[in-house]
Structure formats: C-alpha cells, structure tokens
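The [2Fe-2S] cluster binding site annotation in Swiss-Prot covers 45, 58, 71 and is backed by a curator's inference. Marked as domain 'Radical SAM core' by Swiss-Prot on the basis of sequence analysis: 64-312. Positions annotated as [4Fe-4S] cluster binding site by Swiss-Prot: 81, 85, 88.
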C-alpha cells in the first residue's frame, strides 16, 4: 500500500509511489517528452527549435544572455506538484500530486541521462537544411540547464546536488519554483549549492487569489511562499520574481504584488503574459491571454510601487517586460550585472 506524502508546516515527509504509472508516462511521451529514470523528464524548448531553424530566440537570451539553442529544459519531478494552477500548460489533470516517487534517482544519473535525452530529441534536426551545422553541434553540447519544465522541481530532495552536478559539467543553471518548498532552499543555502539564477513564480497578490488561481494541494502553501520570499532576500546568487499574469484572474492589485516582491528584493522582476497553449485551453479562454500592451501597462503600474526598480527591457514575442533593481549593472555579468557569466 502506498503512503501519501504529508506536508506540514516546516516539514516534508517523503514516502510513496515507487514509479510513474505507465499511462502517465505515455501521456508525456505523446507530448514529445523524454522520460528520464523514474521521475525526471526532458523536452525540447519551443525557442530552441526556433533558434535552430529560424534564428529566433527566447526572451532569456535577450534579457540575460542565455543561448536558446544550448539550453536543456528538464525537470527532476515530472508529474508531481503542490499546485493545480488553472493556467498550467502541462497535463496536470494526470499529475500525481504530492504522492512522491521513492527511491529517488541519483543526481549525476539524472544529469547524464538528461543530456542523452536531449540528444535523442535533437537528432532529427541534424540533416535539416534550415539548421546551421555549427549551431547544431553547439546544441548537441548544451551549456545551460533550465530546471523548470514540469511539476515542482524543489520537491526533489537532492536539488543542491543536482545543481552541483550540472555546474561540474560547465553548465549554468536556472531553477523555476512555485516557492512552496522553502526548506529545500534552506538546505541549498547551507550547502552553498545555489543555481546560477533562482526564479520564484508568484501568480497571486493575496491568499484569496492564490486559492482560486493556484488551487494548492497543501494546506499552508501561501505561508510557505511568504517564507520562501524572505529566504530569497540577499541570496548570493541571481534572483528573479516572475509574475504570470492571467487576464480576469490575477491581473490586479499591483500594490499587493509589490509588497510581496519587496520581501524578496530580487535583482529582476518579470511581468509575463499567460499564453493560451497546451492543456490550459481546457480551463481558460483566449480572452484570458493579455496582450503585450496589457503587460506593459501592468508593469508600469507595478513599478510605481517598487522603489529602487525600473523597467529595463521588454520582448514582445514572449509578451514579457523586465523590471530591474536600480543597483544592477545593465552591462555587467554575474551576481551584480544583468547578464549571465558564462
């Protein structure tokens, strides 16, 4: 009999599900994911493909200098999450909630197998006449890991070690988390195993909106997020708060968002539109997708409540606006500059 994970204030007990059910794994494969080990996964990013075939790129390339064609998009927790967000493009109706896998795969195994999975997905581009040979060879050897693809990555108990394994291989790393596992961040701080850039996705300005938009699977999710934001403040790494904005749902109260952002005092804030894609189309309508102008106007309203921040850049194809802290060097790299240090 499987035991359920119990998530209590300040503690996570991991027991449970030995493997991903075959029907769930098959659903992901149909969506062009490669399953890695027991619980991880890889999928080629839309912008990686566009970079190879059309020379276009992701907003993270424009904002931070990440090379879209050399990005490995992966997750160590493919089908498990603490939220059921209405805007999620993943097949969360088939997610396994917080019933976590055990035993967990080794971090080094996940990294090596993720690189192999990426190459398996890339092989079809090798003979494509639209793809530059040198660019394909670079894509074959990724240098950046976006740990964010699906599920809540911080549920993986060895996240610090996973980051370290990527860094050993010369990768830069982004983690995108919903902020509900602050104890994982505490461990990573103690171990000094932080990612190159840490994102927290904040998609509600208050607990009422949180309950209706994020539909938490845990009883104290909001309190956990507040703790996570406090831990982010003054971290010795690059930090971002990302707002995924859904028209008619969470695109209100910029002053409340600002209070949350100032708890973390991140280097960057991204105001980004919800995109009407994937499984979210079963829950929302195209009218919930803000225009770039809507996002720009919301960012302008938000920054009025963020002393020490300004609008730095925007990228219309992704409907995203970059807000940056005033003390970040717009030409610099690393923990004091706008751009990633490769």
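Numbering starts at 1 and runs along the chain as it is shown here.
Placement of Cβ uses the backbone N, Cα and C atoms for every residue, glycine included.
When pLDDT values are averaged over the domain 'Radical SAM core' (64-312), the model yields 93. Of all the binding-site residues listed here (45, 81), it is 45 whose C-beta has the fewest other C-beta atoms within 10 angstroms. There are 24 other CB atoms within 10 A of the CB of residue 58 ([2Fe-2S] cluster binding site), with all protein chains counted. The distance from the Cα of residue 81 ([4Fe-4S] cluster binding site) to the Cα of residue 71 ([2Fe-2S] cluster binding site) comes to 23 Å.
If you count neighbouring Cβ atoms within 10 Å for each of the binding-site residues 71, 85, the highest count belongs to 71. In sequence order, 46, 47, 48, 51, 57, 60, 61, 66, 68, 69, 73, 146 are the same-chain residues whose CB sits within 8 A of the CB centroid of 45, 58, 71, the residues recorded for [2Fe-2S] cluster being left out.
In terms of C-alpha distance, the listed binding-site residues 45, 58, 71 place 45 closest to residue 88 ([4Fe-4S] cluster binding site).
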